[in-house]
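See below for the structure under consideration.
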Amino acid sequence: MATLRISSALIYQNTLTHHFRLRRPHRFVCKSMTKTTPDTTLVELSRRSGNYQPSPWNHCYLLSIENKYASETEVITRDVLKKKVKSMLDDEKKSRLEQLELIDDLQKLGVSYHFEIEINDTLTDLHLKMGRNCWKCDKEEDLHATSLEFRLLRQHGFDVSENIFDVIIDQIESNTFKTNNINGIISLYEASYLSTKSDTKLHKVIRPFATEQIRKFVDDEDTKNIEVREKAYHALEMPYHWRMRRLDTRWYIDAYEKKHDMNLVLIEFAKIDFNIVQAAHQEDLKYVSRWWKDTCLTNQLPFVRDRIVENYFWTVGLIYEPQFGYIRRIMTIVNALVTTIDDIYDIYGTLEELELFTSMVENWDVNRLGELPEYMRLCFLILYNEINGIGCDILKYKKIDVIPYLKKSWADLCRTYLVEAKWYKRGYKPSLEEYMQNAWISISAPTILIHFYCVFSDQISVQNLETLSQHRQHIVRCSATVLRLANDLGTSPTELARGDVLKSVQCYMHETGASEERARDHVHQMISDMWDDMNSETKTACNSSSRSRGFKEAAMNLARMSQCMYQYGDGHGCPEKAKTIDRVQSLLVDPIPLDVNRLG
């Protein structure tokens with residue numbers, strides 16, 4: 001599997017010099033593409049436009065970016081610091097709270113992937129001690145430690161009951177809970193987002209109480225602690241469990257450096273590692289930018305979104321660790337094809353043309369290319385070649401033919417696109433339930449995640465392929481639903497203005513007569529419910545294989561990425577209006593400056 005996934009040790013040593021060589025089978029070139037073939041129709045058709053702006057990222061500029069703080073010297077320094085951090089984890093003299101805070105810092109600083117075994121061993125030990133002692137949080141000083149332990153254990157797949165908060169819940173319900181420990185309240189708030197549907201007290205008591213207390217704190221003009229106030233604002237804006245990990249790492253590095261008790265070794269290790277990982281991401285980005293330019297799709301199809309950087313940004317949210325560069329590159333190609341085909345169905349194609357394209361994808365027969373309108377031929381040929389190429393790589397190195405499953409995922413996607421196109425063309429207004437039955441697939445998450453499974457898994461299971469292909473993996477449906485609803489909340493005003501099919505908010509309004517505000521609140525609650533379901537899926541994940549846990553984490557990361565991308569509007573289609581440009585700049589372009597004399 002060395003060709004598909006280079007070992008982490010090799011990546012760490014050669015982040016700047018290694019170039020992936022993605023071997024592809026011979027490309028099929030249809031003769032009809034080598035000559036000008038006019039469309040059969042002579043009727044001038046009225047085509048819609050998405051009014052998308054050109055890419056804010058110039059190809060030549062992307063090829064020029066580099067991180068000057070990620071040289072071989074920095075790699076050596078990082079590895080020295082890594083040993084020091086490992087000794088902190090191995091220190092048996094640390095208290096329970098010190099252990100928990102160190103793990104939390106490593107995770108938020110984006111370096112926990114170096115210490116997965118050590119972290120799992122520590123959490124396993126803490127979980128066993130918790131089970132033996134059967135203790136509950138009944139003191140103010142325990143609030144932060146208990147909340148943090150609950151969140152970290154559940155996040156890592158350990159089964160922990162909400163009953164450890166029973167004493168505090170009783171005090172909240174009787175209005176006798178008094179505390180000035182805002183850090184403990186923030187930890188309690190963050191812990192509440194690891195809830196499942198059965199955790200009624202986390203939902204109905206702890207989360208509303210903690211949210212109210214944090215709001216009072218940030219609204220208090222007498223609050224002097226700027227560090228804690230920023231932390232509180234950040235939590236209220238979006239809980240940590242729902243945030244895109246890598247973007248939050250960039251925020252937390254700056255926040256951690258301002259802490260009065262920050263650890264100098266830890267912050268320098270995190271900053272150097274961030275730059276080294278960023279350098280790996282920059283090489284990925286250059287590769288996919290070259291690929292995108294070589295497809296000529298933006299020249300041939302000027303109506304589609306030119307968003308290769310944004311498509312790569314999604315993959316960093318999906319899996320950021322440097323050793324997974326091959327996966328990020330493949331998934332960026334998948335994302336770019338999804339975006340292109342979505343625009344053909346959403347904006348440009350007539351129903352007759354879209355039915356032809358759907359049939360072509362279902363049959364997967366490149367010899368029928370001439371039946372398509374000319375503007376669709378290049379798109380289908382690139383889809384055909386790329387998916388067959390991915391399947392060929394997997395067959396060579398993993399000894400299983402996944403092409404039937406991959407092509408089915410594209411056929412399913414195109415069929416749902418076609419349903420929405422028919423709804424729009426015919427002015428049909430579906431109920432929310434009918435809309436969601438189609439929309440959780442049309443948002444492309446099932447297509448994305450089956451490709452991710454195939455390139456990520458060392459041992460591909462036919463049973464897993466079947467359940468993914470037949471849309472029977474519940475965590476995929478939950479992730480897809482969050483993606484769909486977040487997309488609807490962020491994009492529906494723009495899409496409705498150009499005349500698209502109703503989205504979830506409008507379906508609910510049309511069906512119930514609710515106001516837009518109430519409808520949006522309902523959609524937000526649907527998102528929260530899906531997170532509860534995903535939390536249930538991972539509640540006992542510590543008993544699963546690392547690859548199984550990795551797939552579930554990727555599904556959750558896709559949901560996290562969607563809430564990042566659509567947090568301030570359409571961050572994918574209109575990145576200039578939704579903070580995407582600034583976020584990409586901070587993650588993929590701008591390095592973190594280093595003080596070479598700081599460590600002495």
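Heads up, the Cβ atoms here are built off N, Cα and C, so glycines get one too.
According to Swiss-Prot, the feature (2E)-geranyl diphosphate binding site maps to ARG305, ASP342, ASP346, ARG484, ASN487. Non-local neighbourhood of ARG484 ((2E)-geranyl diphosphate binding site): MET436, ALA439, TRP440, SER442, ILE443, ALA445, SER504, each in the same chain, at least six residues away, with C-beta under 8 Å from its C-beta. Under the DSSP three-state reduction, ARG484 ((2E)-geranyl diphosphate binding site) is assigned to helix.
Look at Swiss-Prot and you will find ASP342, ASP346 tagged as Mg(2+) 1 binding site, backed by similarity to another entry. With a 10 A radius on its CB, ASP346 ((2E)-geranyl diphosphate binding site) counts 21 other CB atoms from all the protein chains.
Annotation source Swiss-Prot lists Mg(2+) 2 binding site at ASP342, ASP346. Mapped onto three states, the DSSP output places ASP342 ((2E)-geranyl diphosphate binding site) in helix.
Residues or ranges marked as Mg(2+) 3 binding site in Swiss-Prot: ASN487, THR491, GLU495. Secondary structure from DSSP puts THR491 (Mg(2+) 3 binding site) in a helix.
Through the fold, the motif 'DDXXD motif' (342-346) approaches residues 50, 301, 303-305, 354, 357, 376, 379, 414, 417-418, 420-421, 444, 500 of its own chain, all at least 6 residues removed from its boundaries and within a Cβ separation under 8 Å. Positions annotated as motif 'DDXXD motif' by Swiss-Prot: 342-346.
Swiss-Prot lists 1-31 with the feature transit peptide.
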Could you list the residues of the same chain, at least six apart in sequence, whose Cβ is under 8 A from the Cβ of THR491 (Mg(2+) 3 binding site)?
LYS503, TYR566, GLY569, ASP570, GLY573
Sequence gap of 6 or more, C-beta under 8 Å: which same-chain residues meet both conditions with respect to ASN487 ((2E)-geranyl diphosphate binding site)?
ILE443, SER562, TYR566
Tally every other Cβ atom lying within 10 Å of the Cβ atom of ASP342 ((2E)-geranyl diphosphate binding site).
20
Let me know how many other Cβ atoms fall within 10 Å of the Cβ of ARG305 ((2E)-geranyl diphosphate binding site).
24
